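Q: Pulled the feature table from TrEMBL, pasting it below:
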{"type": "TRANSMEM", "residues": "12-30", "note": "transmembrane segment"}
{"type": "DOMAIN", "residues": "16-404", "note": "domain 'Major facilitator superfamily (MFS) profile'"}
{"type": "TRANSMEM", "residues": "50-70", "note": "transmembrane segment"}
{"type": "TRANSMEM", "residues": "82-101", "note": "transmembrane segment"}
{"type": "TRANSMEM", "residues": "107-128", "note": "transmembrane segment"}
{"type": "TRANSMEM", "residues": "140-165", "note": "transmembrane segment"}
{"type": "TRANSMEM", "residues": "171-191", "note": "transmembrane segment"}
{"type": "TRANSMEM", "residues": "220-241", "note": "transmembrane segment"}
{"type": "TRANSMEM", "residues": "247-275", "note": "transmembrane segment"}
{"type": "TRANSMEM", "residues": "287-307", "note": "transmembrane segment"}
{"type": "TRANSMEM", "residues": "313-337", "note": "transmembrane segment"}
{"type": "TRANSMEM", "residues": "349-370", "note": "transmembrane segment"}
{"type": "TRANSMEM", "residues": "376-398", "note": "transmembrane segment"}
Amino acid sequence: MVRPIGSRGRASGRPALFALVTCAVVAPLATDLYLPGLTSFAADLGGGAVAAQASLTTFLISFSIGFLVWGPLSDRVGRRRLLIGGGLVFVVATAFCALAPSLPVFLVARAVQGLFGGAPTALSRAVVSDVYRGREAAAKFASLAIFGTAAPVLAPAIGTVVLLLGGDWRAMFWCVTAFGLVMVVATVLSIPETRSLHDESDHDRLSTRAAARVLVKMPVYRLACGITITISAVFFSYLGASESISVGFFGMAAANYGTLVTVNALSGSLVAIAYRTYFIRRMSTVAALRLGALVNFAGASVALAGMVSNLSWLAWSGFFGLLAGNAIVFPTLVYLAQTAGASIGAGGTAAAGSGVAQFLIGAAIGQFAVSASSGGSPSVLGGILAAISLLGVVYAFVTRAPRSGHLARIGVSTSPAGRR
């Protein structure tokens, strides 16, 4: 049963934004920071491109499993101990990755890294939905999106700096280890226990299976997870193919490509800032969701036009549109999913479902799109991206929008000003 949002206790302690940001961006740092060192990685451990793909796939699968494990478990035992424990194991596993003498050892350490790295990312979402409501919660998720938009494309730039300073892929993993330590310290110092373990009796508290059943029956949760899949598929395709398209097809210098990636990431963060300061106050949640989906589709269409016409500037204009759409729609999706979960005391379970939609299903579709179009014209991939983003638009507009009464009852802001 969905409880009125005010009927449950709320933790009094408020987490520091810095600590939440470190938890939220740990995944892109773990997956993307070492990308510039793949050449030395292959030379050291062997396996070439297959090993690099195995490293990414191993992390994403175990990371998604981590969402499924730690999210629901935190609904039962609390957030803080899992945040700290998961972060510590993540740090140790990352150090083992840096020290790995062979590819099999590396992949085992990588799986453990992903499994326990899922705890900080999943539970940072649950912590926000434990503490904040309405417009305030939407603003917090938008703040995390400002950094989350930039992290996946700035992480390789950090790896490049490590290379320029004489480091290799192992040094890059040591950098991630150091970041993990910062994350754990920040968590210990500034994220209190936000899951109120005594606000419901054991009899009244939903089991994980019951909570999942309630969530999938909620139109708002289905809407959030469905669009998360399409948005994530387009984003992971962009991450996986933008370099080969720019350098291999358009003949762009690697340095120019790196500059464009950085500018694009920062531009996406600026859009996220605009979303936080403007859209949240002036648009309803569903309207912002639909706007973001439209911008994402427009970006994919422009990128396709650039690939067909062999105009790199047009393609990159489209790539900017992709990130701009993500910056608007993704924090809205997380906000909707987490608010739905918080309304039944299952913020961790809600994070698990949306995390799987993002990092497993969406990423798998994105990787499949890149693989299916490899060796052919980039316009094939552009067409796939446009088709996937169009599905997101159709889903956003055709799917019956949750009624305002239901949204208000679970705590979603429904007015342009963000008031319930």
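Don't overthink the numbers, they just go from 1 along the chain as shown.
Backbone N, Cα and C define each Cβ position, glycine as well.
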Q: Please compute the mean pLDDT of the model over the domain 'Major facilitator superfamily (MFS) profile' (16-404).
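A: PLDDT averaged over the stretch: 87.
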Q: Take the transmembrane segment (107-128) and find every residue of the same chain, 6 or more past its ends, with a Cβ under 8 Å from one of its Cβ atoms.
A: 15, 20, 22-24, 26-27, 30, 54-55, 58-67, 69-71, 74-75, 79, 82-83, 85-87, 89-90, 93-94, 96-97, 100, 137, 140-141, 144, 183, 187, 191, 194-195, 334, 338, 341, 347-348, 350-352, 354-355
Q: Using a Cβ cut-off under 8 Å, which residues of the same chain at least 6 positions beyond either end of the transmembrane segment (376-398) come close to it?
A: 223, 226-227, 230-231, 233-234, 237-238, 241, 244-245, 249, 289-290, 293-294, 296-297, 299-301, 303-304, 306-308, 315, 322, 325, 365, 369-370
Q: May I ask whether the transmembrane segment (82-101) has at least three C-beta pairs under 8 Å with the transmembrane segment (220-241), counting pairs 6 or more apart in sequence?
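A: Contact between the transmembrane segment (220-241) and the transmembrane segment (82-101): absent.
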